[in-house]
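Undergrad: According to TrEMBL:
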ACT_SITE  HIS126  active site, pros-phosphohistidine intermediate
BINDING   LYS16, PHE64, ARG92, THR98, ARG109, ASN123  ATP binding site
DOMAIN    8-145  domain 'Nucleoside diphosphate kinase-like'
Amino acid sequence: MTSDAPAQQRTLVLVKPDGVRRGLAGEVLRRIEAKGYTLVTVELRQASDELLAEHYAEHAGKPFLAPLVEFMRSGPVLAVVAEGHRVIEGFRSLAGATDPTVAAPGTIRGDLGRDWGLKVIQNLVHGSDSPESAAREIGLWFPAL
Ligand code: IDP
Ligand code: MG
């Protein structure tokens, strides 16, 4: 039997330690839900060095990797799996550009973030950037899913 149901997709979202510290975790969840995506799981986590090294494997060798991992370990992160048709690109669009100073107003980073002049860009959220990254990252953070 064929189905007309749209193809669903999942993405990994992290509210980074700056977002949790500033009390913006709920605001990020609100925007994901307001856009019409579904929350599959939400968990406050203290990430380990091992998990972060795997999570940021694509940035191995870059000068900002060590400060990035240090920042990501500086407090809890809210780990979220969200679901919906085209949610991977949809959440990247909600998040805005990597540099929050120039991220478009209306986006999470553009509305709520700025460059604090630190070694690492603190930009409130992470979102998987492709179906392959999403599958890999969800497997890392939520092996049971
Ligand atoms: P993305 O989060 O927009 O996908 P990536 O290029 O995957 O951006 O970088 C991962 C994270 O590393 C960024 O979100 C930001 O926190 C940090 N970062 C990226 N590029 C730089 C940089 O040039 N200097 C400092 N930190 C950076
Ligand atoms: Mg990225």
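A Cβ is built for glycine as well, from the same backbone N, Cα and C atoms used for every other residue.
Situate these features within the shown structure.
TA: HIS126 (active site, pros-phosphohistidine intermediate) counts 22 other C-beta atoms within 10 Å of its own C-beta, drawing on all protein chains shown. DSSP assigns HIS126 (active site, pros-phosphohistidine intermediate) to a strand.
Using a 10 Å Cβ-Cβ cutoff, ASN123 (ATP binding site) registers 24 neighbours.
Note on the domain 'Nucleoside diphosphate kinase-like' (8-145): DSSP counts are 58 helix, 26 strand, 54 coil.
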Undergrad: List, in sequence order, those binding-site residues among LYS16, PHE64, ARG92, THR98 whose Cα sits within 10 Å of the Cα of HIS126 (active site, pros-phosphohistidine intermediate).
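TA: Matched binding-site residues: LYS16, ARG92, THR98, sequence order.
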Undergrad: PHE64 (ATP binding site) has how many other Cβ neighbours within 10 Å of its own Cβ?
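TA: Looking across every protein chain shown, the total is 13.
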Undergrad: Judged by the number of other CB atoms within 10 angstroms, which among LYS16, ARG92, ARG109 is the least packed of the binding-site residues?
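TA: Each of the binding-site residues LYS16, ARG92, ARG109 was scored; lowest Cβ tally within 10 Å is ARG92.
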